[in-house]
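Notes for the one structure printed next.
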Amino acid sequence: MRERMHKIKASHGDKIMGEVTVNMALGGMRGLKSMLWETSLLDSENGIRFRGYTIPELQKKLPTAKPNGEPLPEGILWLLLTGELPSKAQVDSLSAELSSRAELPEHVLRVLDALPAKAHPMTQFTCAIMAMQTESKFAAAYLSGMHKSEYWDPVFEDTLDCVAKLPATAAAIYRRSFKDGKIISPDPALDWAGNFAHMMGYGDEGTKELMRLYMTIHSDHEGGNVSAHATHLVGSALSDPFCSLAAGMNGLAGPLHGLANQEVLKWLNIVENELGDDLSSEKISELVHSTLNSGRVIPGYGHAVLRKTDPRYTCQREFAMKHLPDYPKFKLVSKLYEIVPTILSETGKVRNPWPNVDAHSGVLLQYYGITEENFYTVMFGVSRALGVLSQLTLSRAIGLAIERPKSITSEWLEEKFGKV
Ligand SMILES: CC(=O)SCCNC(=O)CCNC(=O)[C@H](O)C(C)(C)COP(=O)(O)OP(=O)(O)OC[C@H]1O[C@@H](n2cnc3c(N)ncnc32)[C@H](O)[C@@H]1OP(=O)(O)O
Ligand SMILES: O=C([O-])CC(=O)C(=O)O
């Protein structure tokens, strides 16, 4: 990879990739091509491709726990890190490797215990990730004076350690926040995602399959989204993977990003209560307008890059049609899909009126009994670690520079382009 990057820099370093407008600087850098992200690429029309593969392709090509089942997320971790599709034997070996690293340092649970059980699960999650930072092999190697060409190796070790420990961490948060607080030991015979469901207290095959799919599709969404970019930015200062991931997770906790899955459920519950048995288009449309008129967004709809229905939404919809076609909340979600895009388009300002991944994920979890929506973003975060930490390993391998874009003031703009 290093040699290739070196050649790309030497041959194309001075080429121009696009222009920067004032709107880009003022509008969240939308569309600005300014970072390297190898693990996935987002197309506004077709959605995400993980190392070139679409979600339906991965559902066919990645090893599964059972015949015609959902992909094992260890497979996507392998793919994101190496660019190659793993065999079943390789995925099984990675499962065993993660399982061997899964035990939590004892103080992580004590840190969680110091927080009130009502602390938001995302707050607990980032605190726990920071508590694990004591174990960082990269931080220790850096302190001991490691040569920079070798940084990727302990970053990779931290990546595997962190990914291995996140399901037990998240499950502990779930159990203390919403259940009896008793920790459920991992089952060494289970895969990474199956074990996550098991440690949360869901032993049935349906929940495990959903967890495998959920963990696969939420893993990566190129580099510019808030959680990926925050992880990348902090990692570029050579902060270790635990510090970097915690930064990303604090970004994921925002309602315009990962927390939208929680907000969707809260909103669906309000809509469901208001509607009663009346699933008429008129009544639903009235409720959508009332949310918009009160100055709030419709959670789960819109996207900064996508301009079509998110393929992650479509894949979850297909899962629902297969496993829970008659579930009333799924019917409501389907009805909203018919109505919301037209209303958002009519506002004349929403660039993408179609649903994103978060519009669908919560309803599937509800069906399997995971009804505590405040926990949903933690599940998203466990999955997102696969992508952002894979890229962090690659970023250190190719020696990407510390991020430091240039900012300007409004006076600077007026001096350059004219006083307004
Ligand atoms: C995993 C993920 O992070 S997927 C995204 C999850 N977030 C959500 O679902 C929250 C709801 N959606 C949104 O807030 C937005 O669509 C975002 C944050 C995802 C994208 O934001 P942007 O790229 O700025 O969207 P866009 O360019 O279309 O915004 C233009 C206007 O439409 C509004 N808009 C966009 N989406 C929506 C929506 N779902 N409901 C109401 N208004 C919306 C914006 O708030 C903005 O209004 P303003 O000009 O008054 O400030
Ligand atoms: O790409 C984005 O901006 C948000 C998103 O869907 C994700 O991070 O999964």
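Keep in mind that glycine also has a Cβ here, set from the backbone N, Cα and C atoms.
Unlike curated records, TrEMBL annotations are generated automatically.
Here's what TrEMBL has on this protein:
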ACT_SITE  H257  active site
ACT_SITE  H303  active site
ACT_SITE  D358  active site
Whose Cβ, among the active-site residues H257, H303, has more other Cβ atoms within 10 Å than any of the rest?
H303
Counting only residues 6+ apart in the same chain, whose Cβ is under 8 Å from the Cβ of D358 (active site)?
G258, A260, N261, E263, V264, P299, G300
Please classify the secondary structure at H257 (active site) using three-state DSSP.
coil
Is D358 (active site) helix, strand or coil when read with DSSP?
helix
H257 (active site) to H303 (active site): how many Å between their Cα atoms?
10
